[in-house]
Amino acid sequence: MSHVVVKNDPELDQQLANLDLNSEKQSGGASRASKGRYIPPHLRNREASKGFHDKDSSGWSCSKDKDAYNSFGSRDSRGKPGYFSERGSGSRGRFDDRGRSDYDGIGNRDRPGFGRFERNGHSRWCDKSDEDDWSKPLPPSERLEQELFSGGNTGINFEKYDDIPVEATGSNCPPHIENFGDIDMGEIIMGNIQLTRYTRPTPVQKHAIPIIKGKRDLMACAQTGSGKTAAFLLPILSQIYTDGPGEALKAVKENGRYGRRKQYPISLVLAPTRELAVQIYEEARKFSYRSRVRPCVVYGGADIGQQIRDLERGCHLLVATPGRLVDMMERGKIGLDFCKYLVLDEADRMLDMGFEPQIRRIVEQDTMPPKGVRHTMMFSATFPKEIQMLARDFLDEYIFLAVGRVGSTSENITQKVVWVEDLDKRSFLLDILGAAGTDSLTLVFVETKKGADSLEDFLYHEGYACTSIHGDRSQRDREEALHQFRSGKSPILVATAVAARGLDISNVRHVINFDLPSDIEEYVHRIGRTGRVGNLGLATSFFNEKNINITKDLLDLLVEAKQEVPSWLENMAYEHQYKGGSRGRSKSNRFSGGFGARDYRQSSGSSSSGFGASRGSSSRSGGGGYGNSRGFGGGGYGGFYNSDGYGGNYNSQGVDWWGN
């Protein structure tokens, strides 16, 4: 075989030249100056420069004067980390996340008003919109409004909360407000307050909102169900809307490309449990509706990869449990360099659960601004002296706020203690549930996980629609159980202490302590699940010889709350006190004076008219506390049930808690 070199003749060269893609003929009249540049087929009938002139770095057309929040149907700059599309200001074309389960049923939702973003990976820290005025509301969304604001009520005794005493100690305390309109919180916050149907602030909100708006540190003690969450979310979000993202925005942009950049939240809220963290996050969703603030939540027991992906889309307000937050910080996903607001909710519970090392790691041993630069708030139902002393390390010239009988219980809760042997508890429980009917939510507390499963099985086989939660359940199972309970599909929830703290389950009519806790503070938080925000509630506790260690504290608590005290409980408390005293450290002194917590900076012998007279002893003469209750609240359960049932008449016509 021979190899012949064939040279191109002039005719072949001419044919190849005629195939020039940049010739005048094929480019539709393009200028000769553009010769040498390849033009895609779909642009060959346009001007050579059209489609390339005003492009961003990703290659997609992007009008610079176009609002990133109002782009119906336009390409969404996929791959460009600093820009995202909103898919329209109305409902057309908006991504609907119904039926999708993120975070095992909670959290991470692609939602307008919360950082509208595509799931292709766009950052909430967008180049254009974040430089706009953060105080201006974004367009509304009817679907999102329905999702966020479709439940809840103010409670039949909400107006009575005005009688609750309040004491604030500290230098230069700002005056309290009477209505939300008394202080400027901006258009977005006021609009969301109307959507939540809040008619007037609760006592803790009246005092905490102006304190936080005045950029003062705060330690607040308030009874459960008093509106603590809104008390810190409203002023913090209001300040973020007013001040904008500040240096945090620049830090995120300079930190790296999408997928590797660290997020710098402006506000951090720490909570002891994942349930409470999710609850705070859902409240933050409400109050950040139609704003550019994007809340996020991270907690243990859920897919950390999904949480990281959610964080990478941007985070301005972060709600977290301490353990998972430390994990995120060590992974380089969260930086606290520009955190202006720190909130510790249920602070005593976090310390009881052993989170103090993680809290100190977060607050003192990382890059968080020091006290005096950041603004720190502590909220809890109880604040004993030990925790107040710890607060010296986190708070700077703080104001101590005591609202209601902190560490005690609300008089909206009727408490009943009955003697029940262990073998009789299940039959007693059936009697109670049979008298209650199926239209009210009942929360049953037990001490062990095995006991929760066993009792749920028993009630199920007795024909009751019930569910249960405890620490061994997966996050998905726990969320599903809470959803079934809240919706009324399973009106009976059996729970261990994991559900006792901070959960805001509205309309819980009855709390039953099937097993009493060994700690009186745990008892306070358990029964605080009912009677929330002015609603009337009922708490029944099964007592026997196993619970003798809390006899004295329980008696003091019932006396202070003007509840009916069984004679056998008084006798047991007397005998127990004079036969060697209470086993373990008595905590009854925490409830003296009506509030249960005092500012340790004040003299231990001082008193305040806001607290009422100190009880001093277990006398039932009515010292301390608040309200104008007569005797022990008018006898019985005030008509909750129409059955004689057990331990007294449930339909007593005596004087109610408010003297009616």
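Positions of Cβ are set from backbone N, Cα and C atoms, glycine also.
Record features, source Swiss-Prot:
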COMPBIAS  1-10  compositional bias 'Basic and acidic residues'
MOD_RES   S2  N-acetylserine
COMPBIAS  15-29  compositional bias 'Polar residues'
COMPBIAS  44-68  compositional bias 'Basic and acidic residues'
MOD_RES   K55  N6-acetyllysine
MOD_RES   S85  phosphoserine
MOD_RES   S89  phosphoserine
COMPBIAS  93-128  compositional bias 'Basic and acidic residues'
MOD_RES   R100  omega-N-methylarginine
MOD_RES   S101  phosphoserine
MOD_RES   R109  omega-N-methylarginine
MOD_RES   S129  phosphoserine
MOTIF     178-206  motif 'Q motif'
BINDING   198-205, 222-229  ATP binding site
DOMAIN    209-401  domain 'Helicase ATP-binding'
CROSSLNK  K213  SUMO2 cross-link
DOMAIN    412-573  domain 'Helicase C-terminal'
MOD_RES   S454  phosphoserine
MOD_RES   S592  phosphoserine
MOD_RES   S603  phosphoserine
MOD_RES   R630  omega-N-methylarginine
Average pLDDT across the domain 'Helicase C-terminal' (412-573), rounded to a whole number: 87
Where S226 (ATP binding site) falls in three-state DSSP terms: coil
Whole-number Å value for how far the residue listed as 'SUMO2 cross-link' lies from S226 (ATP binding site) (Cα to Cα): 19
Pairwise CA distance, K213 (SUMO2 cross-link) versus V204 (ATP binding site), rounded so that it is a whole Å: 14
Secondary structure of R200 (ATP binding site) (DSSP, helix/strand/coil): coil
Number of Cβ atoms other than its own within 10 Å, given for Y198 (ATP binding site): 18
S454 (phosphoserine) and A222 (ATP binding site), distance between Cα atoms, whole Å: 35
DSSP residue counts for the motif 'Q motif' (178-206), split into helix, strand and coil: 17 helix, 0 strand, 12 coil
Among R200, K228, the most crowded of the binding-site residues [Cβ within 10 Å]: K228
Cβ packing number for V204 (ATP binding site), 10 Å threshold: 27
Among T202, S226, S454, the one of these recorded positions whose Cβ has the fewest neighbouring Cβ atoms within 10 Å: S454
Alpha-carbon spacing, S454 (phosphoserine) to R200 (ATP binding site), which is rounded to whole Å: 44
Sparsest-packed among the recorded positions, when each Cβ's other Cβ atoms within 10 Å are tallied, from K213, A222: K213
